[in-house]
Amino acid sequence: MTDFQYATDQDTIAAQATAPGRGGVGIIRLSGPKSLAIAKQIIGFEPKPRYAHYVPFKTTGQEQLDEGIALYFPGPNSFTGEDVFELQGHGGPVIMDMLLSHCVALGARLARPGEFSERAFMNDKMDLTQAEAIADLIDSTSEQAAKCALRSLQGAFSKRVDELVEALIHLRIYVEAAIDFPEEEIDFIGDGKVAAELAGIQAKLAEVLKEANQGALIREGMNVVIAGRPNAGKSSLLNALSGKESAIVTNIEGTTRDVLREHIHLDGMPLHIIDTAGLRDSPDEVERIGIQRAWDEISKADRILMMVDSQSIDSKDPNEIWPEFMEKLGDTKHLTLVRNKVDLTKEGTGIETVSGVPVVSLSAKTGEGVTDLTEHLKAVMGFDSTTEGGFIARRRHIEALNKANRFLDAGNEQLHGYGAGELLAEDLKEAQQALSEITGAFTSDDLLGRIFGSFCIGK
């Protein structure tokens, strides 16, 4: 038995389940084998299961610490699957500390971050995606993110993954039976059954991957860096996108010397906009530091908006406009050229592609064409705001789905290219394990520790 499992099986844990600070109500939560014994010492009697008792909370010396509601949920019919006891008192930090300290003195220990959800997972009350959805629901920054996290908590994502795993198990049984019992003369390579089922699984996996990418965008959003020479209108575009005066706008070059950040939502997708210092050779040490930070942000961006002043530049080819920038940037797959100030040139707004780079013409000052840009940003990230019934997803989920797909691609090659049944069976097994990592059916203790360690203490 690992240390991870031992702590889960033996200890009674306690933590404040409500946010730290002052509030009308504060909750202390316990889970584990000593919960009932601790409950009896604090309220003076054995609580009725799933019943709200309004009682004083006392020490063993009968000193009253607070009064409020006491709730007892005997396992396995509780959130964690263990005996759970809650004290719902007044939400002052001193009162919460007194109650929590008393619970520890009576035999509980302080819970690790996410340990209540961890125990729920270990006791099969939920799978890993549902446990993660609790944290995502708490941390959601938009209505759409909250709805998607709730659907994941209710099992929408898990169901899709479980269906894929079941299909793989069914296919593995057929393939491995043909290998292990050659006397049955099952020609799984020639009969087309395996090929058809494998194609069906990959098609369903592609659908889940598309939905998961949507869920990851809703959860994490995209980082958009606005870059360009001084006075190209970068700060004006930041203000236009954020809908407020986030940055100072003047005609003086070098006004923006550091990185400015704003966070908005585009139809539910978080957009992290980063305005940077104008890129140029500068004798000013402070400005040079800002320019280096700008390049640091460019290297990490999901999308780079290269801002140019359309008054001084006729070309729409980024290689002609700024060859030095393009050479330093290298890969242009994340680049969009933004031609600003079209209200002055009267050239019109819109989107086109030049030398493989999208070009958006707009006016950050008047707002003309800004909607074209926001629609473009959603499109390049593959975000579909019309999708209904989606679920929340994380980067690790995307990686696991892609990993499973790579094994299925390899299995396809073994089937059609070499007729290698044993190698196909191994690839199917690896794909199944990759998918099982998502729900936690096949997951290392180290990964579990990292996931639950990112949770709130009382969750």
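Here the Cβ of each residue, glycine as well, is placed from N, Cα and C on the backbone.
Features of the protein shown, as given by Swiss-Prot:
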| type | residues | note |
| --- | --- | --- |
| BINDING | Arg29, Glu86, Lys125, Lys459 | (6S)-5-formyl-5,6,7,8-tetrahydrofolate binding site |
| BINDING | Asn231, Thr250, Ile252, Thr255 | K(+) binding site |
| BINDING | 231-236, 250-256, 275-278 | GTP binding site |
| BINDING | Ser235, Thr256 | Mg(2+) binding site |
| DOMAIN | 221-382 | domain 'TrmE-type G' |
- Which whole-number mean pLDDT does the model give the domain 'TrmE-type G' (221-382)? 83
- Across all protein chains in the structure, which of the binding-site residues Arg29, Lys125, Lys234 has the highest Cβ count within 10 Å? Lys234
- For the binding-site residues Asn231, Ser235, which one has the sparsest Cβ surroundings, going by other Cβ atoms within 10 Å? Asn231
- Residue pair Glu86 ((6S)-5-formyl-5,6,7,8-tetrahydrofolate binding site), Ser235 (Mg(2+) binding site) - Cα distance, angstrom, rounded: 51
- For Ala277 (GTP binding site), the one of Arg29, Lys125, Ser235 that lies nearest, given that the binding-site residues are compared by Cα: Ser235
- How many Å lie between the Cα of Asn231 (K(+) binding site) and the Cα of Lys125 ((6S)-5-formyl-5,6,7,8-tetrahydrofolate binding site)? 57
- Task: Give the distance between the Cα atoms of Ser235 (Mg(2+) binding site) and Lys125 ((6S)-5-formyl-5,6,7,8-tetrahydrofolate binding site), rounded to the nearest whole Å.
- Result: 50
- Would you kindly give the Cα-Cα distance separating Lys234 (GTP binding site) and Arg29 ((6S)-5-formyl-5,6,7,8-tetrahydrofolate binding site), rounded to the nearest Å? 50
- Message: I'd like the number of other C-beta atoms within 10 A of the C-beta of Ala277 (GTP binding site), please.
- Response: 26
- Where does Ser235 (Mg(2+) binding site) sit by DSSP, helix, strand or coil? helix
- Given Lys234 (GTP binding site) and Lys125 ((6S)-5-formyl-5,6,7,8-tetrahydrofolate binding site), what distance in Å do their CA atoms have, once rounded to a whole number? 50
- Query: Once the chains shown are all counted, how many other Cβ atoms turn up within 10 Å of the Cβ of Glu86 ((6S)-5-formyl-5,6,7,8-tetrahydrofolate binding site)?
  - Reply: 21
